[in-house]
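Down below is the structure, laid out as structure tokens.
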Amino acid sequence: MSAPATDLSAGAPSGRRQILVTSALPYANGQIHIGHLVEYIQTDIWVRTLRMHGHEVYYVGADDTHGTPVMLRAEKEGLTPKQLIDRVWQEHKRDFDSFGISFDNYYSTDSEENRVLSENVYLALKEAGLIDARDIEQAYDPVKEMFLPDRFIKGECPKCGAKDQYGDSCEVCGSTYLPTELINPYSVVSGATPVRKTSTHYFFRLSDPRCENFLRAWVGGLAQPEATNKMREWLGDAGEAKLADWDISRDAPYFGFEIPGAPGKYFYVWLDAPVGYYASFKNLAEKRGLDFDAWVRKGSKAEQYHFIGKDILYFHTLFWPAMLEFSGHRTPTNVFAHGFLTVDGAKMSKSRGTFITAQSVIETGLNPEWLRYYFAAKLNSTMEDLDLNLDDFQARVNSDLVGKYVNIASRAAGFLIKRFDGRVQDSAMQHPLLASLRAAVPQIAANYEAREYNRALRQTMELADAVNAYVDTAKPWDQAKDPANGVALHETCSVSIEAFRLLSLALKPVLPKLAEAVEGFLAIQPLVWADANVPLSSTRPINAYKHLMTRVDPKQIEALLAANRDSLQATPEAAAPADAKGKSKAAKAAAGKDETPGIISIDDFAKIDLRIAKIVDCKAVEGSDKLLQLTLDVGEEKTRNVFSGIKSAYQPEQLVGKLTVMVANLAPRKMKFGLSEGMVLAASATDEKAEPGLYVLEPDSGAKPGMRVK
């Protein structure tokens with residue numbers, strides 16, 4: 001079982017904890033974009049919070065380097081895979097450094113440590129009787145003489161007919177399907193028509209009762225209810241045997257680690273990638289003289305946390321803990337999943353190119369800490385998606401960071417330097433306003449540790465409002481006009497600067513570079529949480545004030561959009577059928593009678609992808625009288641967000657847990673409240689005034705999320 005869960009009580013936890021933290025490993029096949037940065041910023045804030053408590057915390061990461069895409073991209077660029085991943089590593093490290101991501105070690109999964117650890121995990125699982133060899137049939141490129149992953153096969157979508165769609169899903173209509181269903185399939189690598197070929201593969205027996213029983217017990221320790229519910233759904237009820245065995249091998253040619261005793265067979269990237277967490281830490285342990293085994297062996301008292309996107313929850317809450325448990329390692333203390341990022345309501349997609357790169361943020365002159373603050377202001381402990389609204393981004397940064405926070409120092413520092421030699425009034429350090437700020441710091445720290453960053457920052461900005469109200473009431477600019485007000489002016493400026501120090505302490509996990517500049521300005525040691533009760537002193541004068549932060553200029557936003565314009569174009573919607581163009585609507589039927597739609601063919605009907613969906617969450621939409629926001633499980637790795645105009649008929653709690661039917665391939669629609677990714681079906685009378693009522697369709701209880709309605 002996992003180590004004890006984190007103590008999230010207010011204030012610093014008792015005792016010095018040993019904590020290993022990771023973020024998911026970025027793939028060495030492309031640039032870091034701001035969707036990636038949500039996770040790294042979230043993790044970094046948490047790590048900095050724990051370090052400020054004085055705990056022994058190590059934050060490690062690595063590039064995920066293995067797999068067919070890396071091999072093929074290197075070939076396309078005329079490089080060896082090693083040359084490609086070395087170059088991409090430098091680019092990734094540059095971007096992480098620019099955004100203040102404070103890795104203790106940033107490594108590569110293509111390392112000797114990772115090869116040895118991956119082999120050891122595999123051999124331990126084999127010794128435990130959890131590895132099977134089986135023959136499977138796969139798509140094969142007869143020209144390149146290689147087996148093809150689903151994403152390396154393209155063809156015409158079997159649902160809407162769109163050309164050049166991937167072997168597992170259509171990016172025009174949103175349908176999912178098997179590669180064998182593609183029309184006129186071809187290999188992305190050579191253009192040849194794939195053939196079917198049999199090969200021996202190696203499987204991790206996740207369906208073994210030992211794995212199932214372990215995972216049923218382990219799932220109870222997860223911090224996020226959404227993750228627990230999803231895992232229980234994947235596990236099913238006792239006796240259902242819903243877990244499938246996991247193919248952990250790939251055939252040559254492949255860039256990765258060869259499986260011991262299996263020439264020409266390689267570990268699938270999802271086996272050695274998470275082991276890469278340990279490999280990076282082992283590399284750090286060797287450099288720092290740490291006892292690696294004491295941290296990762298079964299029964300270790302150290303804590304281990306993984307921050308991930310909700311799309312890889314399956315790997316991190318099923319395969320990874322089971323791999324660790326049955327290879328003699330400790331299991332994760334917890335796994336924290338976050339939602340996806342949209343930009344002005346549009347989903348980010350690397351495969352579609354709809355993303356803003358981290359480097360473009362730097363090159364267009366935006367302060368990386370602006371983005372750190374904005375993301376933190378939207379992040380909480382759930383798996384909710386978050387939206388980067390660029391107008392809101394500009395307004396929030398300018399209002400909160402410049403107008404409220406930095407403004408406090410700029411209003412007081414000049415007077416303190418000119419009139420009082422930069423020294424605070426010691427008696428002012430006991431002011432009631434400062435007492436209220438100090439009392440709030442432990443709760444702010446606790447909110448950070450609980451990953452409720454939005455709550456921590458909301459509380460911090462409320463305190464900044466109180467400080468600004470104090471300054472507005474005291475009017476130091478008026479006090480300075482009369483020498484008789486010298487004591488009062490000194491108090492006002494001293495209270496303001498100490499309040500600024502406390503606000504800087506509260507913001508330090510989010511704005512580390514700004515906090516460092518503040519520490520230099522105030523001539524103090526690096527701030528930690530315990531410093532809430534260590535005020536400024538007249539014995540230590542502050543330094544001259546220098547401008548700490550500028551406002552976001554609209555021209556910078558324009559430059560950012562221009563730099564990413566090609567990747568921000570909307571994905572085209574499926575074209576209307578030719579025979580539907582130019583037709584007028586049929587005349588309405590007489591009042592009280594149903595309108596009979598035109599006859600359609602079975603081919604027309606087949607274009608609609610109807611799926612069983614489970615409503616896993618439902619809430620009212622603030623500002624709308626008609627809409628409910630539904631979170632739907634459609635049997636995919638991630639949930640879908642749908643807005644439905646059924647608020648008049650249902651309370652949100654009535655719908656949670658119900659099965660329904662949705663149109664899964666409806667083009668996503670940007671709405672005022674967010675992105676709607678489908679449509680839930682409901683019935684109503686033709687004349688709703690005469691016969692009111694909305695009725696969400698419910699399938700028979702035997703239906704499962706993701707099943708197609710045919």
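Quick reminder: no glycine exception, Cβ is built from N, Cα and C everywhere.
Pulled from Swiss-Prot:
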type: MOTIF; residues: 26-36; note: motif ''HIGH' region'
type: BINDING; residues: CYS157, CYS160, CYS170, CYS173; note: Zn(2+) binding site
type: MOTIF; residues: 347-351; note: motif ''KMSKS' region'
type: BINDING; residues: LYS350; note: ATP binding site
type: DOMAIN; residues: 604-710; note: domain 'tRNA-binding'
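When averaged over the domain 'tRNA-binding' (604-710), pLDDT in the model lands at 82.
In the domain 'tRNA-binding' (604-710), helix, strand and coil residues by DSSP number 7 helix, 40 strand, 60 coil. DSSP states for the motif ''HIGH' region' (26-36), grouped as helix (H, G, I), strand (E, B) and coil, give 3 helix, 2 strand, 6 coil. CYS160 (Zn(2+) binding site): 20 other CB atoms within 10 A of its CB, across all protein chains. Counting every protein chain shown, the number of other Cβ atoms lying within 10 Å of the Cβ of CYS170 (Zn(2+) binding site) is 22.
Here the Cβ of CYS173 (Zn(2+) binding site) has 21 other Cβ atoms within 10 Å, regardless of which shown protein chain they belong to.
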